[in-house]
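Working notes for the structure below.
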């Protein structure tokens, strides 16, 4: 601005006659009244401009390019946001596997993956044995050729453990590999864990086939590159049935050799694996870019797991729980949860394919090398070592202690406001000292009445409050939009999370920028016009600082009371805005001070009344005028917009760029990364019963936090952005409210189970013990009722899915709210599609001998299990149970919980830290490594209300998971269907679901068994 004035001063020096001919002055007093008069130009004799006209033209363009003006500000803000969003998106893409695979063999791993995931292979299936044998065949040659590699095919470990409400007895079939370290002290080994069982409804490519084949590669690698510490590989079985394989590992002697673990898991359908959870800072250091080429980690995922936002469980919970108390890492896939535990968790449907597998292998190798060979940091253990961690565009990992974050936050809460107040006061004092008229006297102040008439108090009040008004409007409109999504199409975020974010962000931009750019009309001097945008920006910077200070206060409380580490971005944001405010105060000390006395305006004699154009046109006109060299016919000052700038076109060169770089890139990058993680992991948890409002609130909060950093610069953003965001909001929101939310790529998940009620054939007899009665459930008890139950989201389940199933046609549908999966309903109906347990009937010979006729064979096909129940004491009982072609049975105690149970032949006592609690156990889950195993369970209960001697009632049940389409021979040669003899297991109702579900829906399991057959008992 001053450079332009200097240019015209030089021009008038060379042609002073033109001044008198073509110019006159207009004086404006303090009340805004104008007085016009003619005047001669100042005496410029002897003054020479140090710049030539050509140089002046170059210098004049500097404010246009880097000044705090509309075009430069808009361009830089857009470039900043687009660069950050592009980085977040592009760095999340999976790169092609390198040719140099650092001792790993991706091709072999992919071959292993296809073998392991050829069929669903849950613990209670025949194909589970085939997978076990295949893995064993892969590791045995390694142990045979290397002296420090040892294998344990664990067929002996068993135990009992309890969780709130239920108890477990489990017999493990884990495959353990030990690689002796070069300098291990005996108990500082590292555990590598993955599970080779899948759920009954999925082949398990990502859950957890990729984890298993990664461990196979690490075994080969560390056998050739012996580590410093001992490595234990637990390729366990039974994780899907509530983490049983990890519990079984704790029963093995090798569990005493480890104090750190790396667990590989899959909670989705591929993509890039993330460090989901970590116990302490020391193991997280293994994820630094020195070891892991593309670290992907964020502590917010750990916060989400801890608070039940993501309903899932991994072996991490066992390894960190009572009895183990190890420190370690949980690495898992998280994208595409709609395919999790479904038929789409298969090799052909994996998100990323070989690239996804390589990402897991590369991550595990890097972290494993660090854990086995890097120096330990024992000081990190304990509460002081709780970590805060996040990656920066998959290139670097930032790690620090949660306690350090707390200390820094507390200091910032105190030092920040005090220092800022000091700088602002200094700015005010210095500006008042400089605010004097040319004669040195203080500037005259208008009277109170004049001040009120001028409404400058109203302008000042609006300038200092409009940020908060805009924020309140934004929050209200965001809440209204959340309600709109919940009311019109609550599942639209399921398949279009990023469109939902665009909708929220567009609205946030509009609701913030429109109030902030509203101003009162006022008459300003050229100097005031010059500094007005800067003062506006400074005011908004302070408002944003106050906003981040409030966020920092709540963040500090969350860190101190709830150990929430995911709010680290607030700390970074507050620090950046604080520094920007300090610099703004320094800038304010240097800005020209608008004078309160008469102000002079210049007008051309030929254009006394000049109408200002719109801001963008004004800037373009200036550029054209500055490109034209002056001549004698060139219009004088009246045609130069330099002295008639609108307030929006003022601004100091350079300062605003520093402010922008301090306040926008860091918080926007951190928030964008966090928002991307939330939008990739949360939306499809709606099918699991997660509240929809939580997902939309997360998207809304992300959008608002992304928009707030640009508010100090809102006055200089081009009006075209308003129309762009307005149109995008209308179009995107309308589409999302009308679009069908599911597709074959993002199917809605429903949960299946069939229940078979057996006839209660009980024979009464008297026991020699206290004359108490006993009962027997005969193996030939007939099927009394078969009920098919499907769980899912209420509207689509009742109106779009169940009506498509032939077996449900014309049947009475009974629906109830699901307690285990809140937000979902279970609808059931009686079915004529009767399942068959398959296998060989273990009681066929006994039944034929008892009946003395061949006809018993046909009746034996109805057999499911055999059970005997006896009262062995006042508060004691015994159940003998044998299921047909199954490894899994259950005991339900409906009338009262039991306080103790013991399984004959099992490990004595309960696992340390997992004893039956005070509330007792209403259910006991029994798992054996062999089929047709006879369980003998002794149990005790407490009397209620002193009613000693009363018995107990409940149900005896067994589970089945195999169905024909899941066991088809695919020619891989891995499994002989008839190895156990007998018939094939059949679940025709599940086959019906697979055949008749719409293409936008997919089936998963409700619980451990797809079929549960049960019969009541009392004792």
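From the backbone N, Cα and C atoms, a Cβ is placed for every residue, glycine too.
For 239, the entry in Swiss-Prot reads active site, proton acceptor. Contacts of residue 239 (active site, proton acceptor) defined by a Cβ separation under 8 A and a same-chain sequence distance of 6+ are given as 195, 197, 208, 245, 246, 314, 315, in order along the sequence.
All protein chains considered, the CB of residue 207 (Zn(2+) 2 binding site) has 30 other CB atoms within 10 Å. Annotation source Swiss-Prot lists Zn(2+) 2 binding site at 207, 240, 341, citing similarity to another entry.
When other Cβ atoms within 10 Å of the Cβ of residue 158 (N-linked glycosylation site) are tallied across all protein chains shown, the result is 20. Here Swiss-Prot flags 158 (among others) as N-linked glycosylation site.
Counting only same-chain residues six or more apart in sequence, the Cβ atoms lying under 8 angstroms from the Cβ of residue 256 (N-linked glycosylation site) belong to 187. As annotated by Swiss-Prot, N-linked glycosylation site applies to 256 (among others), with the evidence given as sequence analysis.
The N-linked glycosylation site annotation in Swiss-Prot covers 774 (among others).
Swiss-Prot lists 603-634 with the feature region 'Disordered'.
The site 'Transition state stabilizer' annotation in Swiss-Prot covers 340. In three-state terms derived from DSSP, residue 340 (site 'Transition state stabilizer') belongs to neither a helical nor a strand segment and is classed as coil.
According to Swiss-Prot, the transmembrane segment annotation covers 70-90 (among others), on the basis of sequence analysis.
With a cut-off of 8 Å between Cβ atoms, the residues of this chain six or more beyond the transmembrane segment (405-425) that come close are 388, 542, 545, 549, 552-553, 555-556, 559-560, 565, 568, 571, 574-575, 578, 581-582, 585-586. Residues or ranges marked as transmembrane segment in Swiss-Prot: 405-425 (among others).
Residues or ranges marked as transmembrane segment in Swiss-Prot (evidence: sequence analysis): 467-487 (among others).
Listed by sequence, the residues of this chain that lie at least six past the ends of the transmembrane segment (498-518) yet keep a Cβ under 8 A from its Cβ atoms are 462, 466-467, 469-471, 473-474, 477-478, 481, 485, 492, 540, 675, 679, 696, 699-700, 702-704, 706-708, 710-711, 714-715, 717, 721-722, 725-726, 728-729, 732-733, 735-736. Here Swiss-Prot flags 498-518 (among others) as transmembrane segment.
Beyond the transmembrane segment (540-560), the same-chain residues lying 6 or more positions past its ends with a Cβ under 8 Å from any Cβ of the stretch are 402, 405-406, 409-410, 412-413, 416-417, 420, 424, 464, 467-468, 471, 516, 567, 570-571, 573-574, 577-578, 580-581, 584, 659, 663, 708-709, 711-712, 714. The transmembrane segment annotation in Swiss-Prot covers 540-560 (among others) and is backed by sequence analysis.
Sequence-distant contacts of the transmembrane segment (566-586) (same chain, at least 6 residues past either end, Cβ-Cβ under 8 Å): 298-300, 302-303, 388, 390, 405, 408-409, 412, 416, 419-420, 423-424, 426-427, 537-538, 541-542, 544-545, 548-549, 551-552, 555, 558-559, 655, 658-659, 662-663, 666-667, 670-671, 674, 709. Swiss-Prot lists 566-586 (among others) with the feature transmembrane segment.
Long-range contacts of the transmembrane segment (652-672) within the same chain: residues 62-63, 66-68, 73, 76-77, 80-81, 84-85, 87-88, 390, 392-393, 531, 534, 537, 541, 544, 568-569, 572-573, 576-577, 579-580, 583-584, 587, 591, 702, 705-706, 709-710, 712-713, each at least 6 residues beyond the stretch ends and with a Cβ under 8 Å from a Cβ of the stretch. According to Swiss-Prot, the feature transmembrane segment maps to 652-672 (among others), an assignment based on sequence analysis.
Feature annotation from Swiss-Prot assigns transmembrane segment to 693-713 (among others); the stated evidence is sequence analysis. Tertiary neighbourhood of the transmembrane segment (693-713): same-chain residues 73, 77, 81, 309, 467, 470-471, 474-475, 478-479, 481-482, 485-486, 493, 497, 500-501, 504-505, 507-509, 512-513, 516, 537, 540-541, 543-544, 547, 573, 656, 659-660, 663-664, 667-668, 671-672, 674-675, 678-679, 682-683, 685-686, selected by CB-CB distance under 8 Å and a gap of 6+ residues from either end.
Taken from Swiss-Prot, the feature transmembrane segment covers 720-740 (among others), and the record attributes it to sequence analysis.
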Within 10 angstroms of the C-beta of residue 340 (site 'Transition state stabilizer'), the count of other C-beta atoms across all shown chains comes to 26
Would you mind pulling the DSSP three-state label for residue 158 (N-linked glycosylation site)? strand
Could you name the residues, excluding 207, 240, 341, of the same chain that surround the Zn(2+) 2 site, i.e. Cβ within 8 Å of the Cβ centre of those residues, in sequence order? 198, 199, 202, 204, 208, 266, 340, 345
In the structure shown, which of the binding-site residues 240, 341 has the fewest other Cβ atoms within 10 Å? 240
Determine, to the nearest whole angstrom, how far the Cα atom of residue 340 (site 'Transition state stabilizer') is from the Cα atom of residue 158 (N-linked glycosylation site). 29
Provide the three-state secondary structure of residue 256 (N-linked glycosylation site) computed with DSSP. helix
In whole Å, how far does the CA atom of residue 341 (Zn(2+) 2 binding site) lie from that of residue 158 (N-linked glycosylation site)? 27
